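S.K.: Can you keep this structure in mind? I'll have questions shortly.
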4 protein chains.
Amino acid sequence: MSLSVYGTEIDSRLLIGTALYPSPAIMQQAVIASGAQVMTLSLKRQAPAEQGGQMIWQYLQQLADEHQIKLLPNTAGCKTANEAVTLAHMSRELFQTNWLKLEVIGDDYNLQPDPIELLKATKALIDDGFQILPYCTDDLVLCQRLYDLGCEVIMPWASPIGTGKGLMNPYNLATIRSRLPQATLIVDAGIGKPSDAVQALELGYDGVLLNSAVALASDPVAMAKAFSYAMQAGELAQQAGIMPERQTAQPSTPTLDTPFWHQT
Amino acid sequence: MSLSVYGTEIDSRLLIGTALYPSPAIMQQAVIASGAQVMTLSLKRQAPAEQGGQMIWQYLQQLADEHQIKLLPNTAGCKTANEAVTLAHMSRELFQTNWLKLEVIGDDYNLQPDPIELLKATKALIDDGFQILPYCTDDLVLCQRLYDLGCEVIMPWASPIGTGKGLMNPYNLATIRSRLPQATLIVDAGIGKPSDAVQALELGYDGVLLNSAVALASDPVAMAKAFSYAMQAGELAQQAGIMPERQTAQPSTPTLDTPFWHQT
Amino acid sequence: MSLSVYGTEIDSRLLIGTALYPSPAIMQQAVIASGAQVMTLSLKRQAPAEQGGQMIWQYLQQLADEHQIKLLPNTAGCKTANEAVTLAHMSRELFQTNWLKLEVIGDDYNLQPDPIELLKATKALIDDGFQILPYCTDDLVLCQRLYDLGCEVIMPWASPIGTGKGLMNPYNLATIRSRLPQATLIVDAGIGKPSDAVQALELGYDGVLLNSAVALASDPVAMAKAFSYAMQAGELAQQAGIMPERQTAQPSTPTLDTPFWHQT
Amino acid sequence: MSLSVYGTEIDSRLLIGTALYPSPAIMQQAVIASGAQVMTLSLKRQAPAEQGGQMIWQYLQQLADEHQIKLLPNTAGCKTANEAVTLAHMSRELFQTNWLKLEVIGDDYNLQPDPIELLKATKALIDDGFQILPYCTDDLVLCQRLYDLGCEVIMPWASPIGTGKGLMNPYNLATIRSRLPQATLIVDAGIGKPSDAVQALELGYDGVLLNSAVALASDPVAMAKAFSYAMQAGELAQQAGIMPERQTAQPSTPTLDTPFWHQT
């Protein structure tokens, strides 16, 4: 009933971002309401030398400490492996964690990961002792290679960041699930509403990472709570064994004069 | 935060069927786990004269009484308005309720409602004092006519009964919602998994009625619980204001050197 | 290889509307380019007493005569059975044909057919000797009833008029096809692009009726020609037996050292 | 009106495979009926030393010569860059062409391209003077990198080879089109029926490469002809400017008493 991230068992299957909220106070309330126990944050948000940046990090660190939430620094905004590696090291020093959501953006339009630079950065950082959670496209071979490099967690996208389009290609996501049964798989990016998150778990995914869907809702705190229920719904549904889809209608009315318990 | 059924406020947005379960005991546990406060049952299940049938009704009545669940008799299996009207009267006598899920099946293959006979039966039964919850197709004009006849609750299908195909035509369902803002709208039939139910509520539907999705799950009780979370997720999501879908990616990474609270 | 409309064999499976074109000249060229041999026109376009209206009808009549195109008057704009019946009689007198595309609109927003008024008008007009081509929703029971009344041709919608959304509910359309194997089935309304028309024929539909997709294209004449090819593609595809969809990849590379003709 | 492949203008936008047909005679008729002017073939089909293999190549070469069809050798079955490079050289020697459909398969289940090995092989072969048509996934960054290496033609998949699932992710395909306006883009793999091919061209793709959809049809020759019409439909549709999709219905019935040419 828990999500495994490099041997750490996490009770909630939701991972949440900390950007784009109307205010820090609403962000804090939303994170708590979501029940998430992993919170991503970007080192690029503020230059480390700048005081505002440090204040935010302290703020997030404090929020994490008070609510037993783990920090997952990310390399959002990096466009090359080298840049991501440099930022990763700064991040580890600052937040004292080997976990890293590795993002290496390859296109300014769809903000998708660059598969080549991602693999390069992953290899370098695993060699340096990081535990990588790579943000990647829904390309099975790319996921397989990340897994072979030592990624125990892999995070394919649902659709481009911030679009809220949900699961654009369920077939690809399902294929990755069935071909990498041992990996912890988290859908990252593109989730727009709770039904998308439920669908990801119903496909057998272990978790969902999102930001905009909560931060840009009219009421982020209520939406965060909605997602916390969605995760419970999806997790239970996946365990309970979803009925098979059928092509033709089947009466749920039992046949007349058949004992109840034999009616199908 | 509640579902209005002819002036009665119901706390759960889920309505559940009582057929097709592996056993009465599992049915009972599933109904309770679902949190549903409305339970449909079919008079056609057993001939009233037959003892087994009466036992089931007593069983369901007792379950309803003990858990403050309202009974919603249905006319499943009826193929003409006359047949449905006759069964409705028997049902009212037996269960002492004016509520009726009105089903008049028009085709043996897709088990869809017959729009003509449905309207005919609805008119007759409203004249007789019934409070009708009609099971209908996702035809806006049909829904409008049912509403004009006095149906405060209208229940269009998502897809054919027992197929688990989910929302086949979200456009039609959304159109009905926007055109009948005063009606209590419940999606009935075709729900296969919790994400379908969340999607219905996200579209602004007031409730979901299902049976097979729970009864035919590998573990009906766990699936019932999954749906109870799904209803909470969907209701909250609808209230919290879902982010608009966008065509192009938007970074959730804030711009460097911009104070956190101004970053978009 | 032809479309049967009440015993008349039509070589093209495309039926085309005559409204919304940039000019009569472009309309004429588009109709000819489309290869359509049936052309719908609305009596409501112009009051019969008004000279402009008569000029258009003469224009269309002449176009039809010169190119062996049959006229299919429609009752677009009618909102009741009575109104449609009256217009139908005026139309028969004017255009000397028993064919009628029967439209009875039931909602101002989605412009969908009113199933009840449609059935009523169909019955009255068949009694008066008309050969009805009813525009209806994708409701199997409604289609069955129209067929039982004597409609040899039935025309369910793909999506609302003028939306160009294509086939919103292929499952419903396929069900109607499989349940009414003897009827001539034409998809009417909602076609946006040639791939939609091909899809309709691939599902086994006998024809496609459209207007906006051609009239509102940037180049209506070229688009008309595109649809004429689409009809040929769809008809041949349906006859040629489409390969079954498969869940897993299959190499089209033959196995090494196997004679070509045995490779699968 | 033509497809540009490294400066050669091809009249048909269809490229066709030569495997999986019931017999060589049917293959030949299907290729001719399709109107394709580019024909792929696999060197791995037969060992070069074996006589049967040589006979097939001679057969295909003769077919190509007689019908002005260009041969496009492919590296189907290769799993590494090295293997593909070796096969490419053999192929160039045998068929006297610099064109190469480069396939480097990365997974036995979905038979998808390996993005890393594909880039490696592409680079090596372009250095050796080949003109590469790479078979790739619908990953924009991968396509961009192939383009930057010198690929004037890029061939993303629609769905896995032989599944006939059609365009699984139209959003990704459309994004690639809009971001690489100068590239010749061909959808390769996954096409199941003519409507899929029309859809690809409507999205602005320059061509379609397929094999199973024709070879596995009940009547491959008729299906080949269906696809030839589909290509004409799609090409014209794309040029003619498809009407915009709309959310609400728009009457195609003109307003009463408005001159025809002003009615909208």
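In case you wondered, yes, glycine gets a Cβ from its N, Cα and C as well.
The model shown is predicted, which means the values in this text are computed figures rather than measured ones.
Pulled these features from TrEMBL for this protein:
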type	residues	note
ACT_SITE	D:Lys101	active site, schiff-base intermediate with DXP
BINDING	D:Gly162, D:Ala189, D:Gly190, D:Asn211, D:Ser212	1-deoxy-D-xylulose 5-phosphate binding site
DOMAIN	D:5-254	domain 'Thiazole synthase ThiG'
S.K.: Does anything in the same chain, at least 6 positions from D:Ser212 (1-deoxy-D-xylulose 5-phosphate binding site), have a Cβ under 8 Å from its Cβ, and if so what?
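M.R.: Set apart from D:Ser212 (1-deoxy-D-xylulose 5-phosphate binding site) by at least 6 residues yet with Cβ under 8 Å, we have D:Gly17, D:Leu20, D:Ile161, D:Gly162, D:Gly164, D:Gly192.
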S.K.: Quick check: in three-state DSSP terms, what is D:Ser212 (1-deoxy-D-xylulose 5-phosphate binding site)?
M.R.: helix
S.K.: Same-chain residues six or more away whose CB lies under 8 A from the CB of D:Ala189 (1-deoxy-D-xylulose 5-phosphate binding site)?
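M.R.: Looking at Cβ-Cβ distances below 8 Å from D:Ala189 (1-deoxy-D-xylulose 5-phosphate binding site), excluding near sequence neighbours, one finds D:Tyr135, D:Trp157, D:Ala158, D:Ser159, D:Pro160, D:Ile161, D:Gly162, D:Leu209, D:Leu210.
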S.K.: Hey, how far is D:Asn211 (1-deoxy-D-xylulose 5-phosphate binding site) from D:Lys101 (active site, schiff-base intermediate with DXP), Cα to Cα, in Å?
M.R.: 14
S.K.: Within 10 Å of the Cβ of D:Asn211 (1-deoxy-D-xylulose 5-phosphate binding site), how many other Cβ atoms can be counted across all chains shown?
M.R.: 23
S.K.: What is the separation, in Å, between the Cα atoms of the residue listed as 'active site, schiff-base intermediate with DXP' and D:Gly190 (1-deoxy-D-xylulose 5-phosphate binding site)?
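M.R.: That separation, Cα to Cα, works out to 16 Å.
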S.K.: For D:Gly162 (1-deoxy-D-xylulose 5-phosphate binding site), which of the three DSSP-derived states applies: helix, strand, or coil?
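M.R.: Its secondary structure by DSSP: coil.
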S.K.: Around the C-beta of the residue listed as 'active site, schiff-base intermediate with DXP', how many further C-beta atoms are within 10 angstroms, looking at every protein chain?
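M.R.: Total other Cβ atoms inside 10 Å, all chains included: 26.
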S.K.: So if I measure Cβ to Cβ from D:Gly190 (1-deoxy-D-xylulose 5-phosphate binding site) and keep only same-chain residues at least 6 apart in sequence, which ones fall under 8 Å?
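M.R.: Within the chain, D:Gly190 (1-deoxy-D-xylulose 5-phosphate binding site) has Cβ neighbours under 8 Å at D:Trp157, D:Ala158, D:Ser159, D:Pro160, D:Ile161, D:Thr163, D:Gly164, D:Lys165, D:Gly166, D:Leu167, D:Met168, D:Asp196.
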S.K.: Can you tell me the three-state DSSP label for D:Ala189 (1-deoxy-D-xylulose 5-phosphate binding site)?
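M.R.: Reduced to three states, the DSSP call for D:Ala189 (1-deoxy-D-xylulose 5-phosphate binding site) is coil.
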S.K.: Using a Cβ-Cβ cut-off below 8 Å, which of the recorded positions D:Lys101, D:Gly162, D:Ala189, D:Gly190, D:Asn211, D:Ser212 are near chain B?
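M.R.: Nothing passes the 8 Å Cβ test.
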S.K.: For D:Gly162 (1-deoxy-D-xylulose 5-phosphate binding site), just count the other CB atoms lying within 10 A of its CB, please.
M.R.: 24
S.K.: Widest Cα span across the 1-deoxy-D-xylulose 5-phosphate binders D:Gly162, D:Ala189, D:Gly190, D:Asn211, D:Ser212, in Å?
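M.R.: Spelled out: the longest distance between any two Cα atoms in D:Gly162, D:Ala189, D:Gly190, D:Asn211, D:Ser212 is 9 Å.
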